[in-house]
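Reviewing the structure listed below.
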Amino acid sequence: MAAKAPTDDLSKLSVLELMFDKVNDAAATNGKPDAKVATNGNLAEHSDGESDDDAEDNAPAAGGEAAKKKKKKRKPKKKKKAPTAQTDPPSVLLSQLFPNNSYPKGEEVEYVDENRYRTTSEEKRHLDNLNNDFLTDYRHAAETHRQVRQWAQKNIKPGQTLTEIANGIEDSVRRLVGHDGLAEGDAIAAGMGFPTGLNLDHIAAHYSPNLGNKTVLQQSNVMKVDIGVHVNGKIVDSAFTMSFDPMYDNLLEAVKAATNTGVKEAGIDVRLGELGGLIQETMESYECEINGTTYPIKSIRNLTGHTILPYSIHGTKSVPIVKTNDTTKMEEGDVFAIETFGSTGTGKVWDEGEVSHYALNGDAPNVDLRVASAKPLLNVIKKNFGTLPFCRRYLDRIGQEKYLLGLSHLVKTGIVEDYPPLVDKKGSYTAQFEHTILLRPTVKEVISRGDDY
C-alpha cells in the first residue's frame with residue numbers, strides 16, 4: 001500500500017523505515033530493487049530498515065505498476081431473443097415469428113367421393129411436394145392477413161375515419177412482410193394485393209378512401225372490410241363485415257353461412273353453376289328485421305367469386321352466388337376466392353361514385369398517349385405495381401403529384417382499368433364474407449381460415 005501513497009506523504013511514514021531494510025540490502029547487493037517485492041508491493045513481509053532515499057527511488061517503480069488499472073472482465077452481451085408474439089399494432093416481421101418459413105397451414109379438407117383417392121395417392125403427394133415455394137408464399141400471405149385483420153377487428157371503432165382505418169391495415173401488412181412499398185418495385189415483392197375496401201351500407205365493393213376523404217365510421221354503419229395480401233404475387237383475398245348494432249346480425253350471419261357453404265362444397269370437378277345454386281339456397285334462407293321492417297336477404301346476382309392468378313386478382317373463372325347454367329368445372333391447381341354478398345335491397349349492384357381502384361390492363365392496347373403526363377405515370381405504375389391493383393393513395397405515398405389527368409387518359413385508352421364503387425339502392429344494407437382456397441393435388445386448403453371466421 002505504501003507504494004500507492006502519494007510522494008508528498010512519504011515523510012510521514014518514518015515508522016515504516018525498519019520495513020525497508022531488507023529491500024535496501026538487496027539493492028546494495030544487486031544494484032536494483034527486488035523485482036518480486038516491487039511488483040507485488042508485498043513489503044510488509046520483509047524485515048530490516050531502508051533509507052528514505054532508497055524508498056524514494058523505489059516508489060516510482062512500485063507506483064507505476066499500481067497505477068495500471070485492473071482490466072474488468074467484460075460480460076458477454078446477451079443475444080436479443082427472437083420475438084415470440086405479435087405487437088399491437090402488428091409490427092413484428094412474420095419471418096421472425098416463423099423462422100425457416102414454417103408458416104401455419106390453412107384448414108386442410110380431404111376430398112370426397114371419386115376424388116377421395118387423392119389423399120393417399122403417391123403420385124398426387126409427389127405433385128404436392130413440388131409446390132413448396134408456392135405454399136410457403138401463400139401461407140406467409142395468409143398468416144399476415146389473419147394477424148392484421150384480427151387486430152383490425154379488435155381496434156376498429158365508430159368515430160374513426162376510413163382513411164385512418166385503411167392506413168392502419170395497410171401499414172401493418174407492409175410491416176409484417178417487410179416491404180414498405182416506397183422504393184421502386186418494392187410493392188411488387190410483397191405487400192398489398194389490392195387496395196383495402198371499406199364499403200359502407202349499400203356500397204358492396206371497390207370503395208377505398210382517396211386522399212382528403214374525411215368520412216367517419218358511424219355506429220349505424222355496416223362495413224365490409226376487404227383485404228388483399230400478397231407475397232411474390234401469391235394473393236390472399238379475404239373479407240369480413242363489421243356492424244355495431246345487433247339488428248344487423250342476421251344479415252351478417254346469412255352471408256357468412258353462404259360463404260361457408262361455398263367453401264365446403266367447392267372442390268375438384270365441381271361445376272360452378274351448381275355451386276352458385278347451393279350458395280344462393282343458404283343465403284336466401286335468412287331474413288333480417290331492421291327498424292321494424294323484415295327484409296329477405298338476397299344474393300347479389302351480378303357479383304361473383306373468382307380464380308386468382310399470380311399478380312392477377314381476377315382470373316379466368318367466376319364463381320356465381322346464384323344458380324346458373326355454367327358447367328365449367330373447378331380443377332386441380334386452381335386458386336379460388338369464394339366470396340358471397342347479401343343485400344336487403346334489390347340484389348343487384350351498379351357503378352356509382354368516386355373511383356379509387358385501378359389496375360394495369362394485362363392485355364393493354366398499344367396506343368399513342370396524347371397527354372404529356374400519361375407516359376411517365378404509366379412507367380411509374382408498371383415499375384411499382386405491375387398488374388396488381390392500386391389506388392390513388394398509393395400513388396400519393398410514393399410522391400406522385402398532379403397525375404389525375406394522365407390517369408384519366410390511361411383509363412380512356414384502355415391501358416389502365418378503373419373499378420368504380422359497386423352499389424345497391426340507397427337505404428339498403430349489404431354484407432360480404434370471403435375466403436381463398438387452394439385446390440391442391442391431395443387436399444383442399446382453406447388458406448385464409450382463422451379463428452375469427
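Each residue, glycine too, has its Cβ placed from N, Cα and C.
Whatever TrEMBL says is automated annotation, not expert-curated.
Feature list (source: TrEMBL):
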type	residues	note
REGION	28-105	region 'Disordered'
COMPBIAS	68-82	compositional bias 'Basic residues'
COMPBIAS	93-103	compositional bias 'Polar residues'
DOMAIN	138-348	domain 'Peptidase M24'
BINDING	H206, H314	substrate binding site
BINDING	D226, D237, E434	divalent metal cation 1 binding site
BINDING	D237, H306, E339, E434	divalent metal cation 2 binding site
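The Cβ of H314 (substrate binding site) has 18 other Cβ atoms within 10 Å, all protein chains considered. Of all the binding-site residues listed here (D226, E339), it is D226 whose C-beta has the fewest other C-beta atoms within 10 angstroms. Listed in chain order, the extra residues whose Cβ falls within 8 Å of the Cβ center of the divalent metal cation 2 site residues D237, H306, E339, E434 are S238, A239, G305, I308, F336, A337, I338, H435, T436. Using the Cβ center of D226, D237, E434 for divalent metal cation 1, the list of other same-chain residues with Cβ within 8 Å runs, in sequence order, G197, I227, G228, S238, A239, A337, E339, Q432, T436. Taken through DSSP, the compositional bias 'Polar residues' (93-103) splits into 7 helix, 0 strand, 4 coil.
Between the C-alpha atoms of H206 (substrate binding site) and E339 (divalent metal cation 2 binding site), the distance comes to 14 Å. Ranked by how many other Cβ atoms sit within 10 Å of their Cβ, the binding-site residues D237, E434 place E434 at the bottom. Counting Cβ atoms from all protein chains shown, H206 (substrate binding site) has 24 others lying within 10 Å of its own Cβ. Spatially close to H306 (divalent metal cation 2 binding site) yet at least six residues away along the chain are I313, H314, G315, K317, S318, V319, F336, A337, judged by Cβ distances under 8 angstroms.
Residue pair E434 (divalent metal cation 1 binding site) / E339 (divalent metal cation 2 binding site) shows a Cα separation of 4 Å. Separating the Cα atoms of D237 (divalent metal cation 1 binding site) and E339 (divalent metal cation 2 binding site) is a whole-number distance of 9 Å. Distance from the CA of E339 (divalent metal cation 2 binding site) to the CA of D226 (divalent metal cation 1 binding site) is 10 Å.
When averaged over the domain 'Peptidase M24' (138-348), pLDDT in the model lands at 98.
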